[in-house]
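Participant: Grabbed the feature section from TrEMBL, which reads as follows:
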| type | residues | note |
| --- | --- | --- |
| DOMAIN | 1-53 | domain 'TRAM' |
| BINDING | Gln272, Tyr298, Glu319, Asp363 | S-adenosyl-L-methionine binding site |
| ACT_SITE | Cys390 | active site, nucleophile |
| ACT_SITE | Cys390 | active site |
Amino acid sequence: MLELKIEKLNLGGQGIGYRGGKVCFVDYCIPNEKIRAEVIVEKKDYLVARCIEILEPSPYRIEPKCPIFKICGGCHLQHIDYKYQLQLKKEILLDSFRRIGKFEYDNIEVISDHPWHYRNRAQLPIQKNRELKIGYFKRGTHEVVNHKICYINQPAINKVVNVIRDYIKKSKILIYDEFQHKGNLRHLIVRCGTHTGQIFITFVTKSDLIPEILYKGLIEEIPEIVGITQNINPQRTNRILGRKNIHLSGRDYYEEIIDKKIFRIGPASFFQVNSPVFEKIIEKIKEEGEGHRVLDLYAGIGIIGICLSSQFKKVIVVEENSNAVNDGIENARLSGIKNIDFVVGRAEDNLNLIKGCDMIILDPPRKGVKKEIIEEIVRMKIGKIIYLSCNPASLARDMSLFIKGNYKIEKVFLFDMFAQTYHIEAMVLINLKN
């Protein structure tokens, strides 16, 4: 047993304290709290501990809204006042700039929206021991925590999950066991258009066998459901989706409205989890002017490029997921946009498209942008870069490369895309010097 003062939070939302020259990580703590903790993991240079008692609570500590908050791994910060959550995320981003990027930039604008019931997508693992469980994993485990209401999912998603729970029971479909690699039904994915109310369902199964009773009648019972699909993932893996989709009922897409434009989103296409905050991101990007040619790398279904089409004479979007590109082409057609080209491929395989651009949009996965892409942008002396990131560590690393390449950070925005969690979404505007 040890007593600690929590100094700050890390990128994973854990409290950090120090004892005997070692860093100590503790869940569900707040900076400046004094706690009594029990060590559960001891390594050469760090400790992991469990908080047993809060000796001096933070004035920002509040009662979590969700009764299973400390069990379920879906949220991490419900015990912290929301305004202070935003301040802590800003400090985490600043710390990443200093510690990883080796640069200073303090003028960060924080932008948020409603902190509850914002998620437009729920990807829920399914387990069955004595009872059927549909929910998120317990933090640090692969044990599903059953819940009937999630305070960050949209209410429509909660409603659909509870109805489908009964359909699963009636269907008697075998629930997948990841340890034995037996059973069939693995995940339930529910997506909802925040501005359209349209709901799309995906059942993830191990095999292509699926009882009709599992989905027949769902659309009639819940008219907001516009389509149902089956994704087949036969692999022994932690990856949720497999490569094959089978259309079961209704449409093979749902729709969402962003920037007054209708977007079709298929079952294999990525879409940001928080529509209102994503709209605020689009607004900030559109404020950054106009020009002849813009290149949108890691483009998904091309929403950013489509929204910029009225401000640039030519828009080029690059995305390696062919399903997302097909959605993007259809979305451009629906909006009557003709000055946009879609390219299927990896960003690093299309470096030739960088030359001649006025602005480049970078929205990479968590691992960040490949070094050769940054080097080519620097070599071509592109005037303006907008970099969207969901990982402060890779963002700080990549920003340091741009700074060394004669670029200057003009603006930094922190968008709270994932309220109540430790996840951070940031956008950086950088310009070529001189």
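Note that Cβ sites are derived from N, Cα and C of the backbone, with glycine treated the same way.
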Participant: Please classify the secondary structure at the residue listed as 'active site, nucleophile' using three-state DSSP.
Facilitator: coil
Participant: Return the residues near Tyr298 (S-adenosyl-L-methionine binding site) by Cβ distance under 8 Å, restricted to its own chain and a separation of at least 6 in sequence.
Facilitator: Val318, Glu319, Ala347, Leu362, Asp363, Pro364, Pro365
Participant: I'm trying to understand the geometry here, so how far is the Cα atom of Cys390 (active site, nucleophile) from the Cα atom of Gln272 (S-adenosyl-L-methionine binding site), in Å to the nearest whole number?
Facilitator: 11
Participant: If you take the centroid of the Cβ atoms of Gln272, Tyr298, Glu319, Asp363, the listed S-adenosyl-L-methionine site, which other residues of that chain have their Cβ within 8 Å of it?
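Facilitator: Everything else in range on the chain: Phe270, Asp296, Leu297, Ala299, Gly300, Ile304, Pro364, Leu388.
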Participant: If you pair up every Cα among Gln272, Tyr298, Glu319, Asp363, the residues annotated as binding S-adenosyl-L-methionine, what's the maximum separation in angstrom, rounded to an integer?
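Facilitator: Farthest-apart Cα atoms in Gln272, Tyr298, Glu319, Asp363 are separated by 15 Å.
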Participant: Would you mind splitting the domain 'TRAM' (1-53) into helix, strand and coil residue counts from DSSP?
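Facilitator: So the counts come to 0 helix, 33 strand, 20 coil.
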Participant: Which secondary structure state does DSSP assign to Glu319 (S-adenosyl-L-methionine binding site), in the simple three-class scheme?
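Facilitator: Once the DSSP labels are grouped into three classes, Glu319 (S-adenosyl-L-methionine binding site) ends up as strand.
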Participant: Here are the recorded positions: Gln272, Glu319, Cys390. Which has the lowest count of other Cβ atoms within 10 Å?
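Facilitator: Fewest other Cβ atoms within 10 Å, among the recorded positions Gln272, Glu319, Cys390, is found for Cys390.
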Participant: Where does the mean pLDDT land for the domain 'TRAM' (1-53)?
Facilitator: 96
